[in-house]
Every structure is written in structure tokens, then in C-alpha cells.
Amino acid sequence: MNRRLKNYLSVGIFAFFGGGLRAYLNLIWSQTGTLTANIIGCFLLAFFTYFFVEYREGRDWLVTGLSTGFVGSFTTFSSFNLDTLKQLESGMNSQATIYFFSSIFIGFLFAYLGMLVGKRTGRKLAEKA
């Protein structure tokens, strides 16, 4: 199978699971589903990125599928903005401000943690290979 087709299929398959998991999170945590998905996604995207940089054994289709497919469909910038806008429109200005800034701060923190864990895990596997 050619490389481009593998990447497209990988994105589609992983997106199915990422989108499904996000829909499930929104069902069980209707108020915090978007925030939870985005924070987990920040960790995962950084983890996958730095893991495969260190490990160097990643297949293009796997890296593309996990990052663009799974994490891309799991997280949502548009819902984050819409949630903030709805809170502002409802007069919940304090809650909207807290939601907005905590999403950015906590997301950055989890991306940083994902980077650290991804680097460490990738290095350990690379040493064993």
C-alpha cells in the first residue's frame, strides 16, 4: 500500500476512535467534557510528538494517525471557544474568564508533562532497541 494512502487510512481510523471517545466524555461529563478532552489531548499530542522524536522507530502512518487522527478528533478548539462564548452570553463572566484562562494554563501544563514523559519513555525504548 502506498505511503499516502496508509496515512489517510490511519487518520480516518484513529479519528473514529478519538471522536468516539470525545463524544463519550461529553455524555458522562456534560459540563466538563470539552475541558477534559482538551487537557488530555494536550498531554497526548506532546507525548506522541516527543516520544517519536526520541524513539525514532515510529512509522509515519502511526504518528500521523495518532496525532492528526486521534488527538485531532478528540480535542476541539471550536467547542472550547463556543463554551466560553455561551458563558459570556449567559452573563457568567467570571466563570467564562476562569474557564478560558484555566483551559490555557492547565493545557500548557499538561503539554509540558506530556513532553517530559514522551521524551523519557522514547529514550528508554531507544536504549533497549
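Glycine is no exception: its Cβ is also placed from the backbone N, Cα and C atoms.
Features as listed in Swiss-Prot:
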- 9-29: transmembrane segment (TRANSMEM)
- 33-53: transmembrane segment (TRANSMEM)
- 62-82: transmembrane segment (TRANSMEM)
- G72, T75: Na(+) binding site (BINDING)
- 98-118: transmembrane segment (TRANSMEM)
DSSP-derived structure type at G72 (Na(+) binding site), helix or strand or else coil: helix
Chain residues outside the transmembrane segment (33-53) and at least six past its termini with a C-beta under 8 angstroms from it: 21-22, 25-27, 63, 66-67, 70-71, 74-77, 79-80, 83, 99, 102-103, 106-108, 110-115, 117-119, 121-122
Distant-in-sequence neighbours of the transmembrane segment (62-82), which means Cβ under 8 A and at least six residues beyond its ends: 7, 10-19, 21-22, 34-35, 37-38, 40-42, 44-45, 48-49, 52, 103
Cβ atoms near G72 (Na(+) binding site) (within 10 Å, other residues, all chains): 19
Other C-beta atoms that fall within 10 angstroms of the C-beta of T75 (Na(+) binding site): 21
